Ligand SMILES: *Cc1c(COP(=O)(O)O)cnc(C)c1O
């Protein structure tokens, strides 16, 4: 999918650069902090009253975390280094939620000693670990969600059925912990705004069930799943806000609990542009064969999410608007898995040649943090954050 009628790229010096040797060496990601701030504000108003916990793994650049600290965000983490990152960027420990259900004992202890209060679990064994290494902590039971409607379901690895979550929350109290609520994740890049509905309804049932055991839960954690805007198939974020609000209303009415939401992808995806260079354009299997375009970034340099070709990054070149034709897009390494798009029909200008710049848009999430340390001498992908003053009054 090339932007055939968008010729603005030709006036962008960062994309016409590349042949004279003076331009910065690609590949690198440019992340626009003003866009992250704007997205934080949009997400904050999406579900009334919901507290944003940015899922750090989507893009852990320290400037992103610091920007979100200043904006008022809380954070969702999965390891000691992510906690240290948030604390050193100025986050308060009580604004950090340890949402992973698979935590090292030493990391639980570290979090607890440093003032992190909230921990998630989806098994009795993890509950016992939390009780031992973070005695008295607030805990969430993670509910299984089938991930239907999402590009990357998380259901196979995380979450327990509602009945078990309720039983474990009761057990948590017996172990001296403070059961506070239920969390779930409806799958990443969720394209159905109503996908949160069934899990919200199950959460309300869990609240009722444990209330019978004398436990009042007060928090629902809606997890991640909000989309990046990779293409026209993505519904507007406002539709998600309306759908989620409607589902909360139906399940809880006037007794709506505290709401947490953990956007990772949606917070940063659209704010990133990955600058790359064409290494080779060739016809495989002779002149009639497919045209292959090899970039200097690939599956191992940050584009891991091209696996299965489920995410289609929009692309820009300096030749946009000129006649274009199908390509197979590949990375530069000597590994046959390093093909980005073989089946998805990408069209790129016929005039594209080695040394030209190609920009991959919407690459702010799950790119830098997925990049290898240097497979075949390529990488790791660097992230440079740029900032500009917010628009007046914004
Ligand atoms: C990864 C993750 C998120 C963020 O998911 P996105 O789909 O990127 O928004 C949120 N919560 C938890 C517990 C996660 O593991």
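The backbone N, Cα and C atoms fix where each Cβ goes, glycine too.
Annotations in TrEMBL come from automatic prediction, not curation.
The region 'Disordered' annotation in TrEMBL covers 1-20.
The domain 'Orn/DAP/Arg decarboxylase 2 N-terminal' feature in TrEMBL is assigned to 34-269.
DSSP assigns residue 57 (N6-(pyridoxal phosphate)lysine) to a helix in the three-state reduction. According to TrEMBL, the feature N6-(pyridoxal phosphate)lysine maps to 57.
Annotation comment: TrEMBL describes 334 as active site, proton donor. Here residue 334 (active site, proton donor) comes close to 376: these same-chain residues lie at least six apart in sequence, with C-beta atoms under 8 angstroms from its C-beta.
Predicted-model confidence for the domain 'Orn/DAP/Arg decarboxylase 2 N-terminal' (34-269) is 97, expressed as mean pLDDT. In the structure as shown, the Cβ atom of residue 57 (N6-(pyridoxal phosphate)lysine) sits within 10 Å of 19 other Cβ atoms.
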